[in-house]
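Chemist: Handing you this structure, nothing more for now.
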Amino acid sequence: MTLWVLGLNHQTAPVELRERAAFAGEALPRALGSLRDTPQIAEAVLLSTCNRTELYAVADSAQALDQWLHTQAGDLQGYLYQHADAEAVRHLFRVATGLDSMVLGEPQILGQVKDAWSTARDHGLLGQRLDRLFQQTFSVAKRARTDTQVGANPVSVASAAVRLAQNAFARLDDSTVLLVGAGETIELAARHLSEGKVRRLLIANRTLAHAQELASRHGGVALPLTELDRHLGEADVVFSATAAREPVIHREMVAKALRTRRHKPMLLFDLAVPRDIEADVATLNDAFLYTVDDLERAVEDNRRGRREAAAEAEAIIDLQVSRFVETQQASAHQAPLRQLRAFGEATRTELLERARQQLANGKPADEVLELLAHGLTNRLLHPPTAALRAAALSGDADLTRAAERLFPATPGYRHPPVRPDDADPAP
């Protein structure tokens, strides 16, 4: 079976297609259950973030992955990429290191990759090949970030949004900021906002306890999501990143909030995929909406500063891909060697025990040694002898040549006459 990755990301597909293929909340365990029930896929890890959905799998063909994704998300042809074996390994190493992210070198993608691996393991989708690959991925990503500056001054989508808000409002410390959600992206936004100070921080979430935990860490006020409509007008800046399948902020909600604010400008950042804020909010006067795709342009300056470090990280990845592939190939080649040695050891143990019993029963030692040597020869040579006979009948010249390399002719050796019991030695 082959190692594959099939996916789409912010470079290949717009947000409306990425949200179709996003697996968040209850959709993720359902998708993993479906993968587990797909016989053509032996192992799988599903990575789904705001900017990418990728299926890493051990399968007979990429068609099995493509059919599964088509069933889950519809026709995505023209927006997908796929890699096999060494290139799949390289792709995962680059993703986990942050070299394939919207914000070059962003740190949280490694945590998301670890979560995807852990979730796959919990759902019984992880086998030896993918487990080894992901364990090595974590090691490579750590080394690349430690040995280069690719992770220096990390900039995420959330921090890029905060920076844009800081540029739009000369003083965020005189502004009210509303965070919708309580996941990792909102946590990052809250952390960056706390560093820069804001006058008032509101945090709304479906699970109030999660909002309260976040509020306690960053000096905010927690709200249930049901009160979002009532408090939206208080916010100068809104950051939203929930796992909802449908928008949580609608055009009419923002229009009402703007009337409450007497059309004082409001900045809204939709950091979620699927989107949290209805797209036509952007048509409202005094409402300025940014999506994750808009942030692609906002973070270009950060990429330029990290390209030199990224080149160093790429060199590390190139070396580690080669080493990983060589290790896997060597491991695959070791399997028949281990099998051969196990067969030899089992044969030796069995016949040696038989010889000891014969000695204990008083049989002469010379006769026992002769029987032992004869038995070992017959038992060890029976499988290759039978295989070579079958090869001769089928015309398998490759096996014959392999036998000639494995058992070269011994100069001066004369074959003994074939005894009747040597003709077809028993296994």
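Start at 1 and count along the chain as shown; that gives each residue its number.
Cβ atoms here come from the backbone N, Cα and C positions, even for glycine.
Quantities reported herein were computed from a predicted structural model and do not represent experimental measurements.
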Chemist: Given 344-364, 407-427, which one carries Swiss-Prot's region 'Disordered' label?
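Modeler: So the range that Swiss-Prot calls region 'Disordered' is 407-427.
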Chemist: Using the Cβ centroid of Gly181, Ala182, Gly183, Glu184, Thr185, Ile186 as the reference point for the NADP(+) site, which residues of the same chain not in that list have Cβ within 8 Å?
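Modeler: For the NADP(+) site the neighbour list reads Leu179, Glu187, Leu188, Ala189, Ala241, Thr242.
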Chemist: How many Å separate the Cα atoms of Ala182 (NADP(+) binding site) and Asn51 (substrate binding site)?
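Modeler: Distance between the two Cα atoms comes out at 18 Å.
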Chemist: If you measure Ser101 (substrate binding site) to Cys50 (active site, nucleophile) at Cα, how many Å is it?
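Modeler: One finds 11 Å between the Cα atoms of these residues.
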Chemist: Considering all pairs of residues in Thr49, Cys50, Asn51, Arg52, Ser101, Glu106, Pro107, Gln108, Gln112, annotated in the record as contacting substrate, what is the maximal C-alpha distance expressed in whole angstrom?
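Modeler: So the binding residues stretch over 15 Å, Cα to Cα.
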Chemist: Which secondary structure state does DSSP assign to Gly183 (NADP(+) binding site), in the simple three-class scheme?
Modeler: coil
Chemist: Quick one, of the binding-site residues Thr49, Asn51, Ser101, Gln112, Thr185, which Cβ has the fewest other Cβ within 10 Å?
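Modeler: Fewest other Cβ atoms within 10 Å, among the binding-site residues Thr49, Asn51, Ser101, Gln112, Thr185, is found for Gln112.
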Chemist: Beyond the listed site residues Thr49, Cys50, Asn51, Arg52, Ser101, Glu106, Pro107, Gln108, Gln112, identify every same-chain residue whose Cβ lies within 8 Å of the center of their Cβ atoms for the substrate site.
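Modeler: Counting only non-site residues, the set is Gly98, Met102, Ile109, Ser156, Val157.
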